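Novice: This structure is in structure tokens; I'll ask about it shortly.
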């Protein structure tokens, strides 16, 4: 009996994107089926997660070709967790897009492409072959190009050009690195590479290759100094699209960095200093960038960059405690960042703008909604016992015990600046009185919506907030999970054994 | 042969990156195309060039015999070509749309996304 | 570019090229060829027709919107990819082969259906792209 469990998420995503393509013109059908598809996807992801949690790393050899020769799909704990988080964010965003994205955009096959994006993400997490990773990355970026440019407004197209140019360039660098790696090691299977790269004599070329991977994934995960495309493009598409981008697209870069630098390349002193240095600079540039802006979505874009720095620095430390923190932070960050952009979408629907200076009085008008929004905002800051607090604790402990005081300082700085920015946002958008309000014509405001439509706006936020609260209050479960994942990352023999001797 | 290919690969990379850094969007696309070709050539070169048979098993044999070319780089290049075919055609349509809406092909003029609104 | 030579030639070339594309598709499993190349040849056949007789005429020849080929092709490829899971309890995309060879086609396997799916997707995608570009020009 072969075990197909871990490829089920891919099959569900592909199946639903094909079904949605057949009903290209029927938007109401697409809305319904997209939500159903993502709900089934979530169910399957939970099943995959529990299966991997109970039975350990699962391997599927596509086409029944044996491991180092064929393409393998590997579901270890890290991959299964990320697939689960993708499914949660995917469900939330698909509910949110069915109401917030206008029909003129949905007519261009929005939901079908959205399923392809999720397919690419799941594939990237599950694959055990580095060239296959490239292919999934391309599926992700092609889908994201379509999603970011759908609608064709002025600043959207401009953002799309910038996003396209840098992401395509990143793919080319990734492909170059792949070519060099294949030339050196003669294999593409990650488990096989783990053993073979160690025995290559030409260490300089291996280092060059490692840095090429760092640059390629660095552009995708928006680390310093390669992040400029992110704040130029993430605020331009509809909020639902930015939400899925913010939650998952940069994180898949971080995932790839974790995978490549734990499996294939050893983190030596040079790489350690490089990663920690980049992490510190990313925290600083993201935090300071966020201070200078007043558009809420732009502020959140810079905060994405700032918090990527936490994870990159933690990866650089590469101790078990640090990796626990990184994984926990990844789990927390995917949910919270998706939620933040959904919140920005709701604020836009209420006020017709996302400029902090032009809005106010949210708390006075919508007290319950504001309290709901407060939870993810303060989870992001890391107010104990909400979800952002626990991973920072691990990261700070690790940086202290490794005597990386600069990184320690940057972590504190990043947390403070996040606190300051969120407090400023709270006081400006929620507590301040509404400044002069000009009612825009032809804009459907939030209070004009029917109750069911309001629910469609609020439900995804409630879902994600609930998950955030679980991560915060059930932190011992997540911590256990993160420790287990960190163990699997540091002890790569488990992965190699699962792939090469099934 | 290898030296020649290495030089051509380097030239394609240099030309591609130079074109990407120009201000015109059309040149950006040309640069992307050149860079893509450079990468494909690099993979081809790093897969070791052998003067041998193509890796196709003839009807009379069961396995490959003699010197044959490594099929994997070719498969990789084919995949990469297919992907870049899709990306480049998307890019051309995107740039055309962008030119129609923005009425400029100068990248320096593209700064509305940096304004704070 | 409506020259009489191209127009006359394309009337004969369209069926010949389409037949050739199917030939390339079918020989693809053990010899050079396959769904992608075959699909491109078929797409080129239609593009040549569009050059000679105009886009509207080609659309009438096609009858359905080329975009419709994509989901059909994807569905065929998808079904052939998961058929080993459904019927033989083997991993995704394992080749399943019929025991008896079929005349003309030779041995039939799930790989042929996968390639047919690719063929249709490539025709659909290439024609959609080219038609979109030439319509907005």
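Backbone N, Cα and C define each Cβ position, glycine as well.
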Novice: In TrEMBL, which of A:31-49, A:50-68 is labelled transmembrane segment?
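Specialist: Here TrEMBL associates transmembrane segment with the stretch A:31-49.
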Novice: Which residue range, A:270-292, A:431-453, is the one TrEMBL calls transmembrane segment?
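Specialist: Spelled out, TrEMBL records transmembrane segment over residues A:270-292, not the other listed ranges.
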Novice: Residue list, the transmembrane segment (A:299-319) vs rest of chain: Cβ under 8 Å, 6 or more residues beyond ends.
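Specialist: Contacts of the transmembrane segment (A:299-319) (Cβ under 8 Å, skipping residues fewer than 6 from its ends): 221-224, 227, 230-231, 234-235, 246, 250, 254, 257-258, 261-262, 267, 271-276, 278-287, 289-290, 293, 325-326, 329-330, 333, 337, 340-341, 344, 356, 380, 391-392, 395, 398-399, 401-402, 404, 407, 410-411, 414, 417-418, 421, 425, 490.
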